[in-house]
């Protein structure tokens, strides 16, 4: 072996793990890396599985950060929440890039194993549903999808009835003294949020006097960041689906691309977008 080809091993590097935990054990890699089970013999099904599993792991972290941010804002601890929400945006940017990898799957390749999926579909992702709930887009009718698993159904039911990120953001406006209409404060939070003139007026005042309401302004911009990234994710999802299956019906029974295009019109924080026109 030539001198420049020698493997450099520092003396302090640990090599005896008979009584110590290894990297693989800490991350439970045996379990994690044995979860990619193809239902067909097609080579590209592994890509399909890994992309979706990796996205679910990132969504788990998004939920971890969102729920912590919601609790932090409830307790008037906005600065820690800003860090958590900024991290959510970074994770979102990472997930968006995964569509570029999935887009390497051609229609001819996908059709070889698509039937193996049966009725399984990303539409059924319970973590994505919980992210929507955490952001304020509540869809009670969607709970029926998860009745097969009572424990999971109960978790989603709890998430449906929990205050969303936008709920606690509006409460932060109230604590600052903004007059928010009682219908907003007493609304059924299990239903999709509908924009309100008093909420818009409050955010407009925040944006008109940034120095006075700096923390609320920062909070608003963090929310905009998250919705912006989410819409980019939705768009890349729609275009990747169109690229691979065209306008076929989705495996979950949806209209596919047509449904995904309609979803692009859904907004989580409507007043924060409206104030940009009003300023």
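Just so you know, glycine gets a Cβ as well, placed from its N, Cα and C.
Under the heading substrate binding site, Swiss-Prot lists 48, 49, 50, 51, 52, 110, 114, 251. The heme binding site feature in Swiss-Prot is assigned to 237; the stated evidence is sequence analysis.
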Counting other CB atoms within 10 A of each CB, which of the binding-site residues 52, 114, 237 comes out lowest?
52
For residue 48 (substrate binding site) and residue 237 (heme binding site), what Cα-Cα distance in Å is obtained after rounding to a whole number?
14
Cα-to-Cα gap, residue 110 (substrate binding site) vs residue 237 (heme binding site), nearest whole Å:
16
State the Cα to Cα distance, in Å, between the residue listed as 'heme binding site' and residue 251 (substrate binding site), rounded to an integer.
15
Looking at the binding-site residues 48, 110, which sits with the largest number of other Cβ atoms within 10 Å of its Cβ?
48
